[in-house]
Amino acid sequence: MNLQIIILAAGQGKRMYSDTPKVLHHLAGKPLLTHVVETAQQLNPDAIHVIYGHGGEQIKSSLPNLPVHWVHQAEQLGTGHAVLQAMPHIPDDAYVLVLSADVPLIQVETLQSLIECSQRQNPDHSVLALLVAELENPSGLGRIIRNNQGEIYSIVEEKDANEQVKNIKEIYSGVCCTLANNLKKWLPQLSNSNAQGEYYLTEIISFAVQNKTPIRSLTTKNSFEVQGINNRQQLQQLERIWQQRAANQLMEKGVTLADANRFDLRGELYCGKDVYIDINCIFTGKVVLGNGCKIGPNCSLTNVTLGDGCEVYANSVLEGCHIANDCHIGPFARLRSGTQLASHCKIGNFVETKKAIFDEGTKASHLSYLGDVLLGKNVNVGAGTITCNYDGVNKHQTIIEDGVFIGSDTQLVAPVTVGANATIGAGSTIRRNVPPDELTLTESRQKTIYGWKRPAKRERD
């Protein structure tokens, strides 16, 4: 079967009150359009056609790697007109599935069922299948009109509906599937004689009835699947639905969430056994948490891997890090891209790392900046230590070998190497390589000025 998917993404999204095209607004860390494309990909289609219009170049440049065929709708003349733009690129015998880029939570299982529905009960497969739903509040959506036999014979858009029609709870989701040959016959016949002066895709229902093409409907069990996004309130509502579903899936697999309503996933989260996640944590990109990991409140993890038994304390930010087993991080720590910790390491409060590689058992417990640095095993970094890695033009590396003890308030001016088991005295500025097994410090005499008087404030007149 040749399957062609059309995604409608040309709308302006006026009610978003934004310079950003609606389909680029993010839900769970990804643009709305990306959600729909990723769902479409799971159906293994022969092609995905994205109809773009308003802000089209911005959409294409923002999502250059989407595996889609871009189709331009120069004038936004309605959904039927939008689908028509893609038809020259689609074979007559293909099945066409029409989706909307602002309906991001449609499930692949539902779409598979709809495609199957479009192939039933007719030898030549010439069936029009519609995805419908029963909603308590159908305001703004097209209503399904059925005859006395329960057969669909029309869809009436909200702006064209009278009060009797508006009371109908069954709505059309905007998702349909049929043969391309049907659409190629029906779409050129569309009229814009309606309240919005647009060419509605829903008018193809009347042509299907005239041609005696069977119309089948599939009712989704989950109303969120067909909820569209037209304003920021609806975006927030679907965000919470997505997050609640993600939280439930994690808890079903054994993850403990302190509060599922205060959890945010903006990518992929893979957890081992007995993982605990406290409130207000944000996971972005791909995050892997090993067995027994604990994440404290108000933490942000982006593209991070934690080994077994790690604990991240409150208010810590980790990005682009790989952490081995039994490490302790935070509170108030910042681990930037390129940080790697071997097992049993500790990064304490107000420590920032960047491109820092720690070997086993190394600790930096307080108030330090460690950038572009290699640290050996069992190194102790005192409070206030800074690797001075930038000369104004280039970055330079610091190497700290096994067993080094660095006293508090030390500056290591890179490039510099500290030999194994060396000790650096507190308050030192190290500009040259330090020999192993020795005490190195930079000393300035302590001086007392006797009889010195602290300046006193003058009284104002």
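Including glycine, each Cβ sits where the backbone N, Cα and C put it.
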Going by Swiss-Prot, ALA383, ASN389, TYR390, SER408 bind acetyl-CoA; tell me which of ALA364, ALA422, ALA426 is listed for that site too.
ALA426
Could you give the number of helix, strand and coil residues in the region 'Linker' (233-253) as assigned by DSSP?
20 helix, 0 strand, 1 coil
Find, among the binding-site residues listed as ASN230, ASN389, SER408, the one whose Cβ has the highest number of other Cβ atoms within 10 Å in the structure shown.
ASN389
Let me know the DSSP-derived helix, strand or coil state of ASP102 (Mg(2+) binding site), please.
coil
Looking only at C-alpha atoms, tell me how far ALA426 (acetyl-CoA binding site) is from ASP102 (Mg(2+) binding site), rounded to the nearest Å.
59
Over the residue list ALA383, ASN389, TYR390, SER408, ALA426, recorded for acetyl-CoA, what is the maximum interresidue Cα distance in Å?
22
Taking only C-alpha atoms and a 10 A limit, tell me which of ASP102, ASN230, ALA383, ASN389, TYR390 are near HIS366 (active site, proton acceptor). These are the binding-site residues.
ALA383
Of all the binding-site residues here, ALA383, ALA426, which one's CB has the most other CB atoms within 10 A?
ALA383
